[in-house]
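What follows is one structure encoded as structure tokens, with my remarks underneath.
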Amino acid sequence: MRGFYALLCTLGFTIFCPSDIDKAREKGIRWLLKDRNEDWGWGMRSEAEAIIALQLAGGDCWYNPKRPSTVASVKEMNLVLLAAISNYPGLDTAAWFGGKLGQFINGLVSTCQDPANFYDHNLIELLMNQMNNFPKYYFNQNFAYSWAVLALCNSGAINETYYERLVDGAGNYTFGVDEAAISVIALSCVRNRTGAADVIPAINTGIQYILSNIKPDGSFGNQYTTGLAVQALYADNKSSRKQIKKKAQLTLVAHQQPDGSFGGVTAANQVLPALAGKLYADLGDIKICQKAPPPVTTTQAPPTTTTTPTQLTFTIQVVANIEGHSENQSYYVTVPIGSSLYDSMEILQKRVSDFSFKAKDTSLGHYITEINGISEDPDKRTYWQILRAPDTPLQVGVDGYIPKPRDVIIFRLSKY
């Protein structure tokens, strides 16, 4: 088929001709695959960076559980992480704290694995504990912190407690364009998955900072910086900036070495998604993972065995910003697979002191009347609307809806 398209191109059908940007992306993918070592990894704890680049630049289809070469690389990523956990159970070490763990969680999500149940390790809770201890080790600035936010967001476990640092820090970028760009990418993930409006001014601030640093040749600095900047511009995705993105992408093409490299695995991680018009915030939407492929097994791992997950993790968000209320809380909840939304709310109420709800039993099932002390009010025509983020109303009630992994379910006080 590729040869057929090549023939059409030579005959003058330019629609079938790959652009210089596409050619560079494909060449970069080939280099990255060729750069694997004898263990099918990339070494130096760079497996997650490489796999993220391949998943985003390869059109969501690099990972395939039926393709031995891709499974081998994913197994190596898992083994590297499991070995680290074996040596440092809390990953309380400079080599793994915060940003690096965030990268590996994103790598797991992009290959259809549940970081909340990674061989009986809950990496989401572990990462949250690290974020609660920010700053520590090299995890002391918003560039690394953004990787952690992306990990929670792509896993469906984000809440305001963990992303507000990026909102508050908008405009103060210690690492310049690089930090502004990855902050924008992380906050765009929050926007897309939760519908949170409070991140939009911070995203706009970051975009304006990036655009104010454009170079005469159309780049934003070196290939690392420009790759991140282009990803951020795709997160903003204004059609009026199409030429800005394309010109920046062409400067990335000029950085490519004859063998296809852009300077190493980290460079590939930042550049290849940008050439594909993708960004790290897309990792939670990899198409093959929506089809629930078989889990990756890692037979050489320390003594645990691969089992079918019995629990899933999702987020419940409570929003009430009308009639004088100012409630905006998010809760990360892990429940047995198959639990209804109502069952999940009961589990959350038992586990968390600052979440409560009331419901009345009707012929159609439970009807939510109050959350966190805020009741519906027929006189004021208010009720609790239930949405799947960002803004899709549920078509069934709390008894009929079965949460999915990484769901964000919003209870919003609304008017009728």
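Each residue's number is its place along the chain shown, starting with 1.
Note: Cβ is positioned from N, Cα and C throughout, glycine not excepted.
Whatever TrEMBL says is automated annotation, not expert-curated.
Sequence annotations record features per position, and here TrEMBL assigns cyanocob(III)alamin binding site to Asp178, Asn222, Gln270, Tyr367, Ile368, Leu394, Tyr416. The Cβ of Gln270 (cyanocob(III)alamin binding site) has 28 neighbouring Cβ atoms from other residues within 10 Å, across all protein chains displayed.
Annotated disulfide bond per TrEMBL: Cys153-Cys189, in sequence order.
Annotation source TrEMBL lists domain 'Transcobalamin-like C-terminal' at 338-415.
If you look up TrEMBL, you'll see 1-19 marked as signal peptide.
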Expressed to the nearest Å, what is the distance separating Cys189 (disulfide bond) and Asn222 (cyanocob(III)alamin binding site) at their Cα atoms?
25
If you measure every Cα to Cα pair among Asp178, Asn222, Gln270, Tyr367, Ile368, Leu394, Tyr416, the residues listed for cyanocob(III)alamin, what is the largest value in Å?
56
If one measures from the C-alpha of Ile368 (cyanocob(III)alamin binding site) to the C-alpha of Cys153 (disulfide bond), what distance in angstrom results, rounded to a whole number?
27
For Tyr416 (cyanocob(III)alamin binding site) and Cys153 (disulfide bond), the CA-to-CA distance in whole Å is 31
Should one count Cβ atoms within 10 Å of each candidate's Cβ, the binding-site residues Asp178, Tyr367, Ile368, Leu394, Tyr416 would be headed by Asp178
Counting other CB atoms within 10 Å of each candidate's CB, the least crowded of the disulfide-bonded residues Cys153, Cys189 is Cys189
In the domain 'Transcobalamin-like C-terminal' (338-415), averaged pLDDT is 90
